[in-house]
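Enquirer: Below is a structure I'd like to ask you about.
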Amino acid sequence: MRGPLGTEEELPRLFAEEMENEEEMSEEEDGGLEGFEDFFPAEPVSLPKKKPKKLKESKSSKGKRKKKEGSNDEMSDNEEDLEEKSESEGSDYSPTKKKKKKLKEKKEKKEKKEKRKKRGEDEDDNDDGGLKEPKSSGQLMAEWGLDDVDYLFSEDDYHTLTNYKAFSQFLRPLIAKKNPKIPMSKMMTVLGAKWREFSANNPFKGSSAAAAAAAVAAAVETVTIAPPLAISPQQVPQTLPIRKAKTKEGKGPGVRKKNKGAKDSKKKGRGKRVAGLKFRFGGISKRKKGSSSEEDEREDSDLDNASIHSSSVRSECSAALGKKNKRRRKKKRIDDGDGYETDHQDYCEVCQQGGEIILCDTCPRAYHLVCLDPELEKAPEGKWSCPHCEKEGIQWEPKDDDEEEEEGGCEEEEDDHMEFCRVCKDGGELLCCDACPSSYHLHCLNPPLPEIPNGEWLCPRCTCPPLKGKVQRILHWRWTEPPAPFVVGLPGPEVEPGMPPPRPLEGIPEREFFVKWAGLSYWHCSWVKELQLELYHTVMYRNYQRKNDMDEPPPFDYGSGDEDGKSEKRKNKDPLYAKMEERFYRYGIKPEWMMVHRILNHSFDKKGDIHYLIKWKDLPYDQCTWEIDEIDIPYYDNLKQAYWGHRELMLGEDARLPKRLVKKGKKLKDDKQEKPPDTPIVDPTVKFDKQPWYIDATGGTLHPYQLEGLNWLRFSWAQGTDTILADEMGLGKTVQTIVFLYSLYKEGHSKGPYLVSAPLSTIINWEREFEMWAPDFYVVTYTGDKESRSVIRENEFSFEDNAIRGGKKVFRMKKEVQIKFHVLLTSYELITIDQAILGSIEWACLVVDEAHRLKNNQSKFFRVLNSYKIDYKLLLTGTPLQNNLEELFHLLNFLTPERFNNLEGFLEEFADISKEDQIKKLHDLLGPHMLRRLKADVFKNMPAKTELIVRVELSQMQKKYYKFILTRNFEALNSKGGGNQVSLLNIMMDLKKCCNHPYLFPVAAVEAPVLPNGSYDGSSLVKSSGKLMLLQKMLKKLRDEGHRVLIFSQMTKMLDLLEDFLEYEGYKYERIDGGITGGLRQEAIDRFNAPGAQQFCFLLSTRAGGLGINLATADTVIIYDSDWNPHNDIQAFSRAHRIGQNKKVMIYRFVTRASVEERITQVAKRKMMLTHLVVRPGLGSKSGSMTKQELDDILKFGTEELFKDDVEGMMSQGQRPTTPIPDIQSTKGGSLTAGAKKKHGSTPPGDNKDVEDSSVIHYDDAAISKLLDRNQDATDDTELQNMNEYLSSFKVAQYVVREEDGVEEVEREVIKQEENVDPDYWEKLLRHHYEQQQEDLARNLGKGKRIRKQVNYNDASQEDQEWQDELSDNQSEYSIGSEDEDEDFEERPEGQSGRRQSRRQLKSDRDKPLPPLLARVGGNIEVLGFNARQRKAFLNAIMRWGMPPQDAFNSHWLVRDLRGKSEKEFRAYVSLFMRHLCEPGADGAETFADGVPREGLSRQHVLTRIGVMSLVRKKVQEFEHVNGKYSTPDLVPEGAEGKKPGEVISSDPNTPVPASPAQLPPAPLGLTDKMEAQLGYTDEKESGMQKPKKSLEIQTLPTALDRVEGEDKHQSSDSKDRAREERTEEVEKAQGSPEQPLKEEVLPDKEPIPDKPELSLGHSGDFRPDDPKTEEKEPGETQQNGDREEDEEGKKEDKNGKFKFMFNIADGGFTELHTLWQNEERAAVSSGKIYEIWHRRHDYWLLAGIVTHGYARWQDIQNDPRYMILNEPFKSEIHKGNYLEMKNKFLARRFKLLEQALVIEEQLRRAAYLNMTQDPNHPAMALNARLAEVECLAESHQHLSKESLAGNKPANAVLHKVLNQLEELLSDMKADVTRLPSMLSRIPPVAARLQMSERSILSRLTNRAGDPTIQQTSSRRRDFPLFQRSFPAEPSHLPNPRGREKLQPF
């Protein structure tokens, strides 16, 4: 690893090299000097090291080595060179250097040597006479005529400029500023002198800065004076046989290490090889110079922490490279510090630039690869001469022998030992290990060495003894005693100047680690040295170092959990315990881990000695270990005897204890297990009056009801009736089950095996109960990870070794293998995961605890368990009817599938009967299968439980945070889409946290005062939370009265705060949350339940602490924050109210008043009613998730009052609020707020203090005493006992809130209430606060205070409302409208309805509240007051007429069953129905998101029908003003014909009218088709609501294609090809039904199709439908929509005063419709039978009849005189018997064709609107060319057929050829057509176009403010009112991403 530049060791060398380079380069031109800057790069460049080719002069003796034996003679020239090389290079040596040089180079080198020698002699002379004083910087600058820089260095400068690099960076710009043209060489010299002077004047001489300065000053001196050759002071005479150990002069961690490859090359000999080509980086860019010294320091520290093996790793790499005979040339890069040891220039000869350059082997030139001519792509192999040398004829020559020897000498001197001490990471004289690269200071060894040892020396690492095995984990560490010190001799070799003096030579203490060995038990734990751990478990050691404090050993951890006092007493009494505690327990080893739980298996070794596989208590199976027979472990012999006894019991005599072990076992013979009888000895149908003998033997006593349960279970078993034991929680279902299984075993009925599946958290409790109540059972707990389960399968399932294949993968068990266990305990998950093994065993009985896991027959658990081979099933559940009857049926279906297998039949039985009857019927049905007892039935004298809701105030700090959260999230709350559901949930969670405690927010936690031990200051902790203030008072009284408390919270962080609170108050406590696992959990429960336990409180998380825990010793439960799911809270407080409880249980549920918590409590209660009152399939809420509306409602609760406090506070201070207080209606449940308002009203004005106090809850001593009074009446549950206490209404403590008089009452069985929503609530409430906050933020960010514009937000919202009202398409019908919206509904334009209600009626309707969303009346479900029959009638009406029109309430659309409903109720139900229709989700779901039953509603079919009816209605309205109302106008009375078209449209109450909030004038006769289409579009806005997805998707575009089609008629014949091409394009655009035959696309070639739709439509953005010019053109164009014959006919009739008729469907020729019309009209016109032959006219009136009478009401349409024309074509068939059937079939078939054409027309319109085009090169376009070819061929040979018929044989032959050609062309076309669907461009789904999900599009649609696209175009729309109404932004109204599929049935 390279260190940064500028370290102390490198600076002298670095500086000297710079100066020498300066000398060499000063002879060259100035351009070459730029390379100097690169010797001081700002950040190191890590590049491969190369051995320099040319030797440079030595600058420093620093890197010099101690000489070996033969190195002490006087130095020859070669040796001198060698020394110089080793000195100057340090660790730069690399084996990749060249071994041979050219002759010329050799000569040059010799000359240089002589010069150097001469210079060296001069320097020696100087040495003798003393050194000359170097010139000062002032002298130098004066000498060179430069301006000196006068800068006075401050004390700070001496502190900061601690190295040469920093100094240079600081001073160089100052010098350059005064002397802009100073040469680089002079700059460097001046800087060196300045640095020397700066260092000499440094007042901090002892600091590292001074040391660095001295080093560089020394380097500066070497510019002119070379140092004398350093000879090692410790020279040993050559004759001595004993050599000293190897030493070296290390350079510290900042220096590169030498490469190891030298040794390898030496070993291999000097065979020829291709030398590496030299590369060099010159002129490194200046950008790299800007880094600070911080980076250098960071790299230094990185180096210190780097892997200790880095040098050897690098060396190995180098060695590997050296082994190749031929190697590629390596690119040589510049080194950071040492510079480049060659004479080559560091810039390109051609471009004079630096970079990666290739060096010539025969001259100093260098080149870029790209600058050579020709250019080289890569470096050439071998030696390379540059173009200049080749031109001159200079060639490379090998070196002669003496130079090779010189190279060899270098190699011998090469060393790969570390350059720094391994202990202190510092340089200096180092002792090198002979076996590894490690180096050490003598004083760093432990114990330190006084002198260098003789002979070979091995470091501590090489002499470290190996470990006895693999370490599994580190348990503890400690300091050892230091080794005895050596007698300190003379100090070691001299250290560098500036280094601290060596430490005294005394040993230092080392760490020792207490470790657990892998594969060995905790009995074998032992201590190991730190070095052993570091060497053999490096990663584990480093991880431990990182996670633990390595200065102080960890405190002793008594794993047993005993308190110090108890353990001291026990140690005094029990010396064995004291010994174990000292050896094991204090290091965190639990006593249980050293106790044998069970012996699993045995084996014999080669000597015949026996070994046992032992499972240890409280440790998983993968920690099992093999132990020898003679080990001294308590109770080992007893367990061995039990092991052999169990083998004998299960396998018989063969499995006895081996004979040689019998003696040891004799004395334990009496403990042998009793064998169960082979045949039954007791009749299971006979009742036990008292508990049987085998239960007495356990020492336990069953309660009478438990004995009754045992009798019932045994009887059911005998009868073969599978059962559900459904006793209420806390009545001991576990004990009854275990005793039942034990009775089967002990009485000889069954030997097992039994499978028990239970929640993972309760399995420990099951184990304990089995141990207590069934001691003879061999119970195996099958849980844990893969390794543990693998051990269990191999050792616990069978006695045979090969019964199951080993390994982690699960395999089946062999058949007829003896099972080892009696009972297998496992979790739900493993039932499914390890199905292979568990499913292969035949189980005598299955027990499923918490069996409501089986309520869904689609769950994997249900399906897998159903496949097991089970003789008898027993299910345990405390909540058998948790949700609904369907779930109960699934339980019964699992039990007895042969009896309960028809879900529909089962549910029908319970469909229409009242709740009481359902209960009775259920009782009869479940009688044989289910036993359920309640605590109230069983324990008549069991203390009752009382639950109180305790409302708590927010503290001031909480209020601040509550407001802040709401204000900060204003945008999310106020987003017009209602906000993202996830973001609303996040806001709610933040508010819940705030209600609990503000310290749950990191900001508050950081600011909170903290004690020295890290816990929060108690007083501020309490004051910050209203709940804690109350809790403090309550706990004080509860403690004084001797009660014990359970405190539940959902949040584990809240439990942390409660811990701090209890510590502050001085209460002892226990805690369980999700992170505390089985063993620790049970210990905590045992400690709390122990007699005389000191623990006063038990902190539990609601979910983790709610299952399988018995804490009956506590009698007070405080639910600190309610859970989302009320069942979890019930489970929680049932921990205390259970068997063993002898005191009354008080349950206090803390609820923060007027906050989200209070609202959540109400919603949770309502949800509970929903899931339990409704015993009806599909109504149970499957998901506990809140709807977005519920979330919004919860968030609003109490906010009005909270923010009103601010305003009142300002009023009391005489201030005026800046914004008016919005009049926000109080949400339901806000009775408290209402009460507070009343109180305000009665308060005298000005008495604000009293006003404030009146609405705040105060808890004084009297209130607390009353709250804790246990003589209050128990919660009255008697009325609700039918549903087993699930609806126990919460009793609200009336005294808590002073104003509250009454208790909440349940009026009727309201399951769910739909609530009105004010969409502008957040706008009114938070806008001002939000803007204020944004302003504060801006000011704090330094942007200055802005002047706020005064805005009246009420005005703004009214303005918004005005323009939104014009866009009724965007108003939300998905939630019930507010009062204002209701008024919009009622204020209808005059004349639209003949039955207008009076104002009084409307007002009474409006004031009457809506029925609840879900309610139960007489056993039946009502949705918004609609019963099942009415809901069915409404659906039928939708399927008949499509969307209800605006005036549906006053038309025949309102069928008889719906006429009893008020208009408000009807509209509310329409809104709800449409919301459900637009709700994404599977049709298979039982309910919608809000819990309303689906009742088999198929969203697909309903949307399809609505869409088709909408298209039909729109098409009829398009032509209605032209065609009138009557199909046969000559038969119509005169009065009817004279009506205005507008009246004609609306006069029939059954025909839906165009509805718009603003009154529209009736369409005049001249209105364009497009305008009509737009008016038709508004038809879908009935009842102020959006159309659902289908109709939205179908009716988006104007009918511009109709007009375009008319224009087509005027195209000249030569444009026919273009028309065909466009038609083909339309084929590709169309999104029509895949069912329609594709071949029809090419048939109607005479049919006009749209040509260039883009011309008429333009881009959608530029489309302006109400442009007056367009309107002028359109009436004429409208008449061109028909065919030519039709046009002519229409004109003729118009002139003669006859009626006009106009009708067309622009299907683009994709259906047969126009072909049929042409043929039919030709026949009708030619025969004159306009009425009798069915054609276009009849199709129009068929559609008009469908609009009036509904879908497929053929008979009604035929009987209507308005549509008499439809009967005319069939008059001739009237005498036939199947006349009606034939007529209806024809109408149905014809309507299907029209349907298809309408859909295609709509799709074409949309394609044109979106400007969809097909690439002309697309293969599909080839179809057009083929068609032209076919037509051309056919037309040009038409005459042939006549000639052929006339007998012309040549013509006949030609005709045959032509026909063959046509056939081939047509077959090719057919092949192309089959490929079309996959190639055509499709209109992407709306969701894809908008890049929004279906749900988010729906959110936009359901919001009043509309989506952003509307808002963006609002200004344009204000100018065009018609466009506003009829053209809402198209994409956002197409929420159905599967639009194409929905059109398929047509």
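Each residue, glycine too, has its Cβ placed from N, Cα and C.
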Enquirer: From the list Ser232, Ser1556, pick out the residue that Swiss-Prot labels phosphoserine.
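Expert: Record says Ser1556.
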Enquirer: Which stretch, out of 345-392, 1737-1784, 1833-1880, is listed as zinc finger by Swiss-Prot?
Expert: 345-392
Enquirer: DSSP secondary structure for Leu731 (ATP binding site), reduced to helix/strand/coil, please.
Expert: coil
Enquirer: In the zinc finger (345-392), how many residues does DSSP put in helix, strand and coil?
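Expert: For that range the per-state counts are 9 helix, 7 strand, 32 coil.
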Enquirer: Taking DSSP states H, G and I as helix and E and B as strand, how many residues of the zinc finger (418-465) are helix, strand and coil?
Expert: 3 helix, 8 strand, 37 coil
Enquirer: Would you mind giving the whole-number mean pLDDT across the zinc finger (418-465)?
Expert: 87
Enquirer: With every protein chain in view, how many other Cβ atoms are within 10 Å of the Cβ of Gly732 (ATP binding site)?
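Expert: I get 21 for this one.
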Enquirer: If you count Cβ atoms within 10 Å of each one, which of the binding-site residues Met729, Leu731 comes out on top?
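Expert: Result for the most crowded candidate: Leu731.
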Enquirer: Please list, in sequence order, the residues in the chain of Asp727 (ATP binding site) that are at least six apart in sequence and whose C-beta is under 8 Å away from its C-beta.
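Expert: Asp727 (ATP binding site) has long-range Cβ partners Gly709, Lys733, Gln736, Gly878, Leu931, Arg932, Arg933, Leu934.
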Enquirer: Give the number of CB atoms, excluding that of Gly730 (ATP binding site) itself, located within 10 Å of its CB.
Expert: 21
Enquirer: Give the number of CB atoms, excluding that of Glu728 (ATP binding site) itself, located within 10 Å of its CB.
Expert: 20
